[in-house]
Amino acid sequence: MTVVLGLTGSIATGKSTVSLMFDEYDIPVIDADKLAREVVEPGERAYQDIVETFGSDILRVDHKIDRKALGDIVFQNEDKRKKLNAIVHPAVRQRMLQKRDEYVQEECKAVVLDIPLLFESNLAHYVDKILVVSVDEQTQLQRLMNRDQSSQEEAMSRINAQMPVAEKAKRANAVIDNTGSKRETYQQLEAILRQWNII
Ligand SMILES: CC(C)(COP(=O)(O)OP(=O)(O)OC[C@H]1O[C@@H](n2cnc3c(N)ncnc32)[C@H](O)[C@@H]1O)[C@@H](O)C(=O)NCCC(=O)NCCS
Ligand SMILES: Nc1ncnc2c1ncn2[C@@H]1O[C@H](COP(=O)(O)OP(=O)(O)OP(=O)(O)O)[C@@H](O)[C@H]1O
């Protein structure tokens, strides 16, 4: 039986960093952020809906969606964010579950669903176990600003668009504290996967 692992955390707490570590164990990862980029490519249904809802000002000269411009809109305004979510999330969910089922059919030992909004979007029932990647708020803010070269204000508006990571940690089956080095994070992941008899 394939164990379906839900990997989550809050923005910039280290989900992508941890998701890369599953490679080491040949455990496949389905990345919701990546699927969310695929479903808004020109020609896709969600692309059309986004242009109709937000106008052509959010398009680049090559007609692709200007993610920075759209992000500036939706992370400042909850109603607009909900509208974007309502367009993008159903398409992401459909692709994610299709991929999950393919791995289950292949009888993989485990498959990871890397979903930033696992709790916010009530997706916990799609997975068997939930792993939350956590850091303290100061580290989260600093890493986000460094990674995205963003101001404190921009970073805070993104952080505030999600459930606090401490809240997510309370609902997890296991928590990885990613405040230390990547090596320490890797060791925690390994211990959890052993405990769950996945490796
Ligand atoms: C607003 C958009 C265009 C900004 O794109 P950008 O390339 O700047 O960011 P990216 O997609 O890489 O997301 C970075 C992180 O932001 C956070 N985030 C993204 N969307 C949301 C959202 N709707 N609500 C809360 N947090 C979000 C996640 O932690 C994500 O890992 C994009 O995030 C988007 O289309 N979001 C809606 C779809 C979505 O919810 N994706 C997240 C998981 S499915
Ligand atoms: N243990 C660590 N030590 C130092 N830097 C780290 C560590 N873990 C992650 N980082 C850095 O912090 C930033 C955020 O990490 P990452 O992109 O993995 O977060 P994320 O949770 O996937 O973010 P998002 O929600 O935006 O997808 C990245 O620049 C990453 O290189």
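Keep in mind that glycine also has a Cβ here, set from the backbone N, Cα and C atoms.
Annotated features in TrEMBL:
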type	residues	note
BINDING	ALA12, THR13, GLY14, LYS15, SER16, THR17	ATP binding site
Same-chain residues at least 6 apart in sequence whose Cβ lies under 8 Å from THR17 (ATP binding site): VAL133, ASN178, LYS182, THR185
Lowest local Cβ density among ALA12, GLY14, LYS15, SER16, which the record lists as binding-site residues, within 10 Å: SER16
Residues within 8 Å of the ALA12, THR13, GLY14, LYS15, SER16, THR17 Cβ centre (excluding the ATP site residues themselves): GLY9, VAL18, VAL133, ARG143, ASN178
For THR13 (ATP binding site), the number of other Cβ atoms found within 10 Å of its own Cβ: 30
